[in-house]
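Engineer: My questions all concern the structure below.
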Amino acid sequence: GGKTPAQADDLVRAFNWLILASSVITPLFGRLMDVLGMSFAFFFVNTLGVFVFGALHSSDFGLLYFAFVVFGCFRAWNYGAITAYAQSVFGGANFGRIYGVIGLFGILASALQAPVIAISLQYLPEWGDFLPVNLTIEGCSALVYVFPAFIWWQGRREAPSG
């Protein structure tokens, strides 16, 4: 549900502090990537992102606080996984160009937020709330699991048999 301005201010302050907890947990993710592999890393990071998006609609402050910490992990670990993958696949010589292309797609996705918000606000009186938009975004987020599945499949295909 909606929050009062005072509650919103409290949540912003909590977010600003709780997001810092991810910096303490981040070395664990590097170890998980080393042990469980790149496909697991992307699967896990994507799951964190989907969880955060869903949890941010909760009225439960405890869940919101937990989602703030998870968002900090998602953000740092997503960049870490992308960087590790791009470096391992494309090497140092092409890393900057590849990372630039990745950044470009991030910018394009961010630029799409304004039109989605405008369309959502236009149809909000018919819908009653943002639930149709949120469900569409959650449904589309299933597509983020295609990439870790591809990495897993590629790794199994290239693994020596026997």
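Each Cβ is built from the backbone N, Cα and C atoms, and glycine gets one as well.
Unlike curated records, TrEMBL annotations are generated automatically.
Annotated transmembrane segment per TrEMBL: 14-33, 40-57, 63-86, 98-124, 130-153, in sequence order.
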Engineer: Counting Cβ pairs under 8 Å to the transmembrane segment (40-57), which of 14-33, 63-86, 98-124, 130-153 comes out on top?
Structural biologist: 63-86
Engineer: Quickly jot the same-chain residues contacting the transmembrane segment (14-33) by Cβ under 8 Å, restricted to those at least six beyond its ends, or write none.
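Structural biologist: Those are 40-41, 44, 64-65, 68-69, 71-73, 75-77, 80-81, 84, in sequence order.
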